[in-house]
Amino acid sequence: MSNTPATEAPRRRTFAIISHPDAGKTTLTEHLLLAGGSIRAAGQVRARGENRRTRSDWMKIEKERGISVSSSVMTFEHDGKVFNLLDTPGHEDFSEDTYRTLTAADAAIMVLDAAKGIEPQTLKLFEVCRLRDIPIITFINKMDREAEDSLALLDEVASKLQLDPSPLYWPAGSGNRFRGMLELKTGLFYPFTRRESGSEYDQGHEAPALLDQAVAKGWLDQAELDELRDTAELLEGGFKAFDTISFLEGHMTPVIFGSALRHYGVNQLLQAIGDFAPAPKTVAASKAGTDTTVDPTDKEVTGFVFKVQANMDPNHRDRIAMLKLTSGKFQRGMKLKVQNTGKQLSVNAPIMFFASDRELAEDAFGGDVIGIPNHGVLRVGDSLSESGTVRFQGLPNFAPEILQRVRVKDPLKAKHLKKALESLAEEGVTQLFRPSIGSDFIVGAVGQLQFEVMADRLANEYGLDVIFEPSPYAEARWLGGDAAKIEDFAGKHRSAMGTDIDEFPVFLGKSAWEIGYVAERYPDVKFLRTKERG
Ligand code: G4P
């Protein structure tokens, strides 16, 4: 059978996992890959991660702090569907990076620790998903440990996230008394069997049977069965039934309970992603300046760069642009054009990221992500297409929360520093501003950790020993509105003006108060917290 965009794109499920650190994202990733049949034993993802982490100092930061700052994508095929799991960085300092990765996701899995419910980072990431109304499936993890009351957990989802939870399953007990869960639609009970070692879970748990048989099978005692039945009845009135449209619009979240570590509920989750998560959507775009839409089944190959990643293979100093394909059938060797620069590139060595290793991609379709090695031609937010005329909405930059001045210890290397800072800004690691007066480099970031990652990379990849110092600025705002008004404003505030990496005018304020003050006095100028790139 020939594979065409019309047959292939609808099979794609491109999703990300959002969670607070420690809720079980890594474990769940691993067990999803296991359920999808793309790894054979638990432990491989972590082992691979650790192996990778020891390869560079930058990764050392991740290791020392137990956080993940780089992100990648893993592809696996299961039950007729192609799953692309986008890995999002877990640390809050990298929320901008996470935002960009989520722009490439068509759905998200929200993992909650059953004993903790919604934690601060869950909330932040959820808000990012809400900005784009990404449909969310909720997985309540660690049911094999003492959990909060399940009803209370769902109430928390409803009240803190304003999201309608719709349980697809209901658990019997938790911790030592965790017995399994009931599938509410079918009345099937899925028993949980506690075993010792991780690898045994590869065999899965016992096959489900109707709840009536659970006592006879020794899965539940009569009291547990009665309680589960009573609760299940209550649920019907208490929660809305699962509604696909409401889910796809981002108002409702189906809920599954389980234990990633014990490979319980993971098959059901994978099934739910396959059944409910959307295939890649039609997206708004412009073509040769005219508004249009791009459908994944369209013939022309199109896509956008949502991330540029360095350091995946320190031996090659490569820089890989992650391209989310939005339409067409991409084939290796194909020529694609960058819309905003008109540059053409032959994509001879695209990379697909299978769980086992990196492999050359022969073809890929809407929903897939391919890595394109390049030397600075591709930037975050770029739109690529065969004709070079298709443009997608760019990805935003967010106003940084910390601005610091950066200096290189050896003054002879100042020129070198400029280049290095520019390329890190291109990659989206940090933002770079040049004040109109003087020769300072001001680096902006959302969190302190970004500066550390940056210093580390400047030393290792560029041989630059740098010092970060406090800068006179506290806030940066991009200027928008009428060009003549901006020019007038800039002329009167030259000492507080600068430009960003794209030569965009930026006002560098000494305080939030100052920004408010000038904004009030210049109502025709917009002081923007986000800027769209691409
Ligand atoms: P993260 O990526 O979200 O940060 O979480 P990760 O998967 O690393 O899991 C955090 C901890 O929670 C790990 O324990 C992991 O084994 C444990 N965990 C994950 N899922 C479950 C589950 O379903 N049940 C139970 N009981 N524990 C779970 P750790 O001790 O920090 O790491 P490790 O030494 O076990 O690797």
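Here the Cβ of each residue, glycine as well, is placed from N, Cα and C on the backbone.
Bear in mind that the values here come from a model prediction, so they are computed numbers and not experimental data.
The annotation domain 'Tr-type G' is assigned in TrEMBL to 10-281. The annotation GTP binding site is assigned in TrEMBL to 19-26, 87-91, 141-144.
Shown here: features listed in TrEMBL, placed on the structure.
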residue	record	CB count, 10 Å
Ser19	GTP binding site	24
Asp22	GTP binding site	15
Lys25	GTP binding site	23
Thr88	GTP binding site	24
Met143	GTP binding site	27
Listed binding-site residues with Cβ under 6 Å from ligand 1, out of Ser19, Lys25, Thr88, Met143: Ser19, Lys25
Local backbone state of Asp22 (GTP binding site), from DSSP in three classes: coil
